[in-house]
Amino acid sequence: MHILVINCGSSSIKAAVVQSQSGEVAATLDVERLAPNDAAEALMSINGAEPSSVPADEHAGALEFALPKLIDALDDGVELQGVGHRVVHGGRRFDRPVFINDEVEQTIEELIPLAPLHNPANLAGIRAAKSLLGDIPHVAVFDTAFHRTLPNRAKAYAIPPEVAEEHQIERFGFHGVSHQYVAGKAAEYFRADVRDLRLITCHLGNGCSLAAVEYGRSIETSMGMTPLEGLVMGTRSGDIDPGAIINLLRQEGWDADRVDDLLNRESGLAGLSGVGNDMRDIEQRASEGDERCRMAIQVFAHRVRKYIGAYAAVMGGVDAVIFTGGIGQNSALMRHRISQRLEFLGARLDEDKNRAVSVGRQNPVASFSAEPSRCHLLAVATDEQHGIASQVSSLIMKRHCPTDTERTIPIAISARHVHLTQETVEQLFGEGHELTPYKPLSQPGQFASEEMVTLVGPKAEIERVRVLGPTRSNNQVEIARTDEFKLGIDAPVRGSGDVENTPGITLRGPEGEASLEKGLICALRHIHMTPEDAKAFGVNDGDFVEVAVRGGERDLTFGDVLIRVSPNYKLEMHLDTDEGNAAHLGRSAEGVLVSTEGEAAIQRRRTRFDSAAE
Ligand code: AMP
């Protein structure tokens, strides 16, 4: 599918017609020097040809002039099927690409205070392109969307929530298209599912950010409410003590514009080195003995290493550290400085491979870790245009793939419960003890047993927690969020069976105690279904869907519901007690899955914004 990808920057436009599967580029358009009231005229270039002048000094006029020329330059047979618009800030409202309708445009406009330089340009591009290409779908792809999965603890700044709420002060993160794209490329390289990997993606270009991509979802990223937080960048400072700013404002008489210039335009590599923001020049001068350039390199690398260590701790381990962006892809020296002494993570640098790295569209991934390494080091060529084109084409394809969205799914609520190995059963209930079935559960072969245990946490104990049978190969304790606070343990949200890297807990039974090293989770809400059901709903094992729950006193839509498919399953959605209570679905008896009156309906991954575009 050929997609026109448009990226309107504050004073430039980059557009390309991209084949969404291969990433091949059929034509490009570059417009520069768009600055109203600037004497210099804007210039455009199609397919890299000699620049010619544009009779407009703003985005809409320039696109009206240049887009028809780009389309004329396409080979016969290349037919545009959609337009993807890169939008910098989607605020809290957009966590995925959406078809653009009036409401979406209005929301992007409302978000201008969060991205005053970029969202107006993005919006002008959308409006101009829609008036020229009104008969094909237009999709907005947001730089912030990939990071909407950050848990609240990572999104929040430690300020009073009323202030955060009133002024929308929270961590949004940026470069989402690139982080998502290179994580996907790394998964392809490993022939693995990205949902099985813990990755640290380092986008090091003129703007720089890191993301912790845990099992396919961004859970931490270094940019915050604005793209100023985090790493040292070309001209941006990244992290700085806010107290220093207060001093400049209060004692030195600086105003906001002066601080803005300092932190966004005069700092980073340019500020530290004094020779500009290009890492190639800085590396050259550092090798010739320039102290400021040496310092710039050291501060840059140190900051990235510091964040890699932090993100490894946040995820409890890493399968690969990925380097991308102009510096990450091209600078063997910076990759070397950043990834030396990461052996404690299991990442062993291979110097020869690092020097030989050469990545691009034809060969997007190169490993430079020594074999074997528990944690791989990869350079990956990012391609945000391709990333946008493929997100747009999958949204368009989903629209053309009707699924059985009317059929409802019964809901059961699962209270806290425990799955045990036979060895743990014997530790708790005595040698040779076998679980005694008390009630069959809805999933074939599963039962609630007579046996109950006490969960012993650092803060409190929870008694009479039902053991489910039959025994399993791993112990697993499933609790709800409220239990977590009661016990005083932080349990990660995980799919059943996924207990690697989870905290342990002590269990007490009538005949003894068992201290589990791992296995405490908050279960990911999920739907069991057979392969036939999956086909009818148009979903696959491991997919995440949204589910609208009806039948409680309060209708509710749950995001991030995991689909689990097996011929042995019966169609049913499982929620924990907190989630059931939130939807007023009634309480379940201790440790037993209880069916409720509720019904769930899978919604295709779409938002209310899509409907008007249909
Ligand atoms: P990006 O914003 O991803 O296009 O990255 C641009 C930055 O990458 C430039 O400012 C350079 O500092 C850096 N860069 C590009 N090529 C090299 C190279 N061969 N060695 C070091 N840095 C490079």
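Backbone N, Cα and C atoms are what each Cβ position is placed from, and that goes for glycine too.
Taken from TrEMBL as is:
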type: ACT_SITE; residues: Asp143; note: active site, proton donor/acceptor
type: BINDING; residues: Asn7, Glu384; note: Mg(2+) binding site
type: BINDING; residues: Lys14, His203, Leu204, Gly205, Asn206, Gly207, Asp278, Met279, Arg280; note: ATP binding site
type: BINDING; residues: Arg86; note: substrate binding site
type: SITE; residues: His175; note: site 'Transition state stabilizer'
type: SITE; residues: Arg236; note: site 'Transition state stabilizer'
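The structure, with features from TrEMBL marked on it.
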{"residue": "Asn7", "record": "Mg(2+) binding site", "DSSP (3 states)": "strand"}
{"residue": "Lys14", "record": "ATP binding site", "DSSP (3 states)": "strand"}
{"residue": "Arg86", "record": "substrate binding site", "DSSP (3 states)": "strand"}
{"residue": "His175", "record": "site 'Transition state stabilizer'", "DSSP (3 states)": "coil"}
{"residue": "Leu204", "record": "ATP binding site", "DSSP (3 states)": "strand"}
{"residue": "Arg236", "record": "site 'Transition state stabilizer'", "DSSP (3 states)": "coil"}
{"residue": "Asp278", "record": "ATP binding site", "DSSP (3 states)": "coil"}
{"residue": "Glu384", "record": "Mg(2+) binding site", "DSSP (3 states)": "helix"}
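Checking the recorded positions Asp143, His175, Arg280 against ligand 1, the ones with a C-beta less than 6 Å from an atom of that molecule are Arg280. For the binding-site residues Asn7, Asn206, the greatest number of Cβ atoms within 10 Å around a candidate Cβ is found at Asn7. Close to Arg86 (substrate binding site) in the fold, though at least 6 residues off in sequence, lie Val5, Ile6, Asn7, Cys8, Asn122, Val141, Asp143, Val177, Glu384, Ile388, each with a CB less than 8 Å from its CB. Cβ neighbour count within 10 Å across all protein chains ranks His175 highest among the recorded positions Lys14, His175, Arg280.
In this record, ATP is bound by Lys14, His203, Leu204, Gly205, Asn206, Gly207, Asp278, Met279, Arg280; the longest C-alpha to C-alpha distance in that set is 24 Å. Figure note: comparing Cβ neighbours within 10 Å for the binding-site residues Asp278, Glu384, the maximum is reached by Glu384. Of all the Cβ atoms in the protein chains shown, 25 others lie within 10 Å of the Cβ of the residue listed as 'active site, proton donor/acceptor'. If you take the Cα of Lys14 (ATP binding site) and the Cα of His175 (site 'Transition state stabilizer'), they are about 16 angstrom apart, rounded to a whole number.
Under DSSP, the residue listed as 'active site, proton donor/acceptor' is assigned to coil, being neither helix nor strand in the three-state scheme. A straight line from the CA of Asn206 (ATP binding site) to the CA of Arg236 (site 'Transition state stabilizer') spans 9 Å.
Across the structure, Leu204 (ATP binding site) and His175 (site 'Transition state stabilizer') place their CA atoms 10 angstrom apart.
Proximity of Arg236 (site 'Transition state stabilizer') to non-local residues of its own chain (separation of 6 or more, Cβ distance below 8 Å) is seen for Gly207, Pro227, Leu228, Leu263, Asn264, Arg265, Ser267, Gly268, given in sequence order.
Around the Cβ of Leu204 (ATP binding site), 27 further Cβ atoms fall within 10 Å across all displayed protein chains.
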